[in-house]
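**Student:** Following this message is one structure expressed as structure tokens.
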Amino acid sequence: MSIVLSCPSCTTRYRANPNAIGTNGRRVRCASCGHVWTAEMEDPSDLPSLQPAPPVKPDAPDEDAGGEKKVHTAFRERQEKKRRTLSAAAAGGAWGGLLAACTVLFVCAWIFRVDVVTLWPRASSAYAAVGATVNPWGYDVGELDVTREVDHGVPLLVIEGDIHNFDRRARAIPGLRAILRDEHGEAVLEWTISMPAGRLGAGRRQDFRTVVSDPPPDAVEVEVVLMETPAHGNADSGHQDAGASDGAAADDVHTSELDTAAVTDHAPAPEHGPPADQHASAEPVETGQY
């Protein structure tokens with residue numbers, strides 16, 4: 001073990017054996033500056049006591065680092081929320097567009113139902129499934145006014161009514177066929193009603209009148225149907241027996257296509273005088289009882 005001696009003059013430091021110094025001290029000379037002084041052993045009581053080092057506390061968490069982490073977390077949450085919002089908006093827009101397209105399709109299918117059935121007759125069954133009967137000819141027959149008259153002793157059956165063009169455009173006036181039926185629904189007399197040739201404007205009506213002289217006594221119902229061919233302006237043709245027809249009626253031609261039979265209106269006529277009472281009209285057939 002050695003001690004360190006320091007020159008009071010030049011502060012040069014030396015190592016020395018403590019036994020050589022002794023407890024009473026010893027005069028020594030500095031080899032550097034030649035200064036002479038009495039070197040003494042230091043009193044142990046004068047030495048500072050050594051204290052144990054205080055325990056090292058763990059580093060406190062960095063508040064700045066924690067705040068930065070929270071900022072990143074909040075940013076990611078905002079981005080995720082924004083992404084979900086945009087995704088939901090895109091999905092909603094797609095469904096909304098599809099719904100709008102379907103709505104437009106259904107509206108057009110309803111507005112142009114006559115044109116649809118005219119171009120594709122089988123579509124009438126789809127309309128019938130939702131309770132809509134579509135008339136592909138653009139016309140319907142109004143109520144019938146059926147009366148009996150006598151002219152010079154000859155009984156007459158007078159049938160009056162009109163047709164209505166319910167389409168959005170002018171259409172050729174169709175031919176009309178009248179049919180008398182017995183109580184069993186069998187046709188006993190058929191004839192073509194005189195109608196003017198030409199076209200009838202959208203929403204317009206065209207009156208018709210036909211007279212049967214000496215009608216069959218067993219006839220109890222009159223029916224007026226639209227024909228497939230347009231009118232030619234000819235006068236009432238001669239009365240024909242049932243089944244002897246010069247042109248198929250439009251409803252007969254299209255019954256198999258429409259999948260539903262045309263509804264008939266019954267208009268019972270009195271034996272004499274005023275017109276018969278009638279039920280609501282239906283298309284494309286109008287019938288009356290007398």
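Placement of Cβ uses the backbone N, Cα and C atoms for every residue, glycine included.
Worth saying up front: this structure is predicted, and the values here are computed from it rather than measured.
Feature list, courtesy of TrEMBL:
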| type | residues | note |
| --- | --- | --- |
| COMPBIAS | 235-250 | compositional bias 'Low complexity' |
| DOMAIN | 6-38 | domain 'Zinc finger/thioredoxin putative' |
| REGION | 42-78 | region 'Disordered' |
| REGION | 231-290 | region 'Disordered' |
| TRANSMEM | 86-112 | transmembrane segment |
**Student:** Could you please provide the mean pLDDT value for the domain 'Zinc finger/thioredoxin putative' (6-38)?
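**Tutor:** For the domain 'Zinc finger/thioredoxin putative' (6-38), the model's average pLDDT rounds to 81.
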**Student:** How many of the residues that make up the domain 'Zinc finger/thioredoxin putative' (6-38) does DSSP mark as helix, as strand and as coil?
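**Tutor:** So the counts come to 4 helix, 12 strand, 17 coil.
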